[in-house]
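What Swiss-Prot annotates here:
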type: BINDING; residues: 23, 24, 25, 26, 27, 28; note: ATP binding site
């Protein structure tokens, strides 16, 4: 498709404020030029963003070039400084891309539309990369045209146009751009596909980029259907009295492929990346399908799936905390529990700690110790905390994290105000001190 102002505007996501990701290269130079033309004829707001990765020695010169171009267009330019260096185990490409997108996402205001310059050939490269990595449908869907992004929307208005169309437009308009030497480095997978593989495929099948992009669209449609099916399965399996957990019996009645679909969606909905396929299958077999009352668990870098009392629990990585920690607390300001949330106290009607005993005693906060006992308000006799936790069905991995509030060294409440000691409990018809724990 020939790239022109009219053909570009026809596919532009409607909006009033656009942020143009501007690297200074060919593709983003064309994108900025087009957006400025749209601004001239329709009055939209346009602002450019340049990400300074600090990797290439030419990075400072590129920033100056982008500033000069933006100035000629009369467009404000924001330069975001990031550390794009890779960490152990990450590819340089992935590290730079992740850092770039995080910075762009954080820069958006509500209602902003971030436009980036990926095009038809980029889409074909992405699909080939995902195929070679053994990706599933979501990965093979490649790059969407528009997607929620931070406070705004990420939009790729050039996906319908090929690299040749973009180059022809730039030459017609007399645009200038910078060349990133790393784009010629075939040690990077994407460059190898771009420079070696796609040209050979195009020599045999000239429409290869368009055809691969069409296949990516089919995969995106199928992935959307599966997501909706997974949401239906998850709604049926989610415990009504414990949102976020799945009822084991319901999950066990599903077919293996439905179980895998559900597990992936469940993990994704919690904001975590699903484990590799082999590990997901281990979770299905060893945690879901294992018979009896066992409490198996499987962890990976992103989280842990555990089974307890006929429920499946998904836990994000927990911050380390010191079980021997103790601290004095006035109760007048919130108390931060390192790696375990915070406590705050408030006067509220209903069950709580007697305000007079609260004010007259020395308040400390700690965690469970061997032999800790409590006489719960409204019950006779002292009980080990371990037994109280078991009665309440508190999962084992949460028991040692329950903050314990003591007055003059004696337990007054546990887990915020979930368990109150009878000797410190106020009359329930009065206004009392209620301790709230936010994990």
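Each Cβ is built from the backbone N, Cα and C atoms, and glycine gets one as well.
Of the chain residues outside the ATP site list 23, 24, 25, 26, 27, 28, 22, 29, 30, 31, 117, 177, 178 have their Cβ within 8 Å of the site's Cβ mean position. The Cβ of residue 27 (ATP binding site) has 22 other Cβ atoms within 10 Å, all protein chains considered.
Look at residue 23 (ATP binding site): DSSP puts it in coil.
Mapped onto three states, the DSSP output places residue 28 (ATP binding site) in helix.
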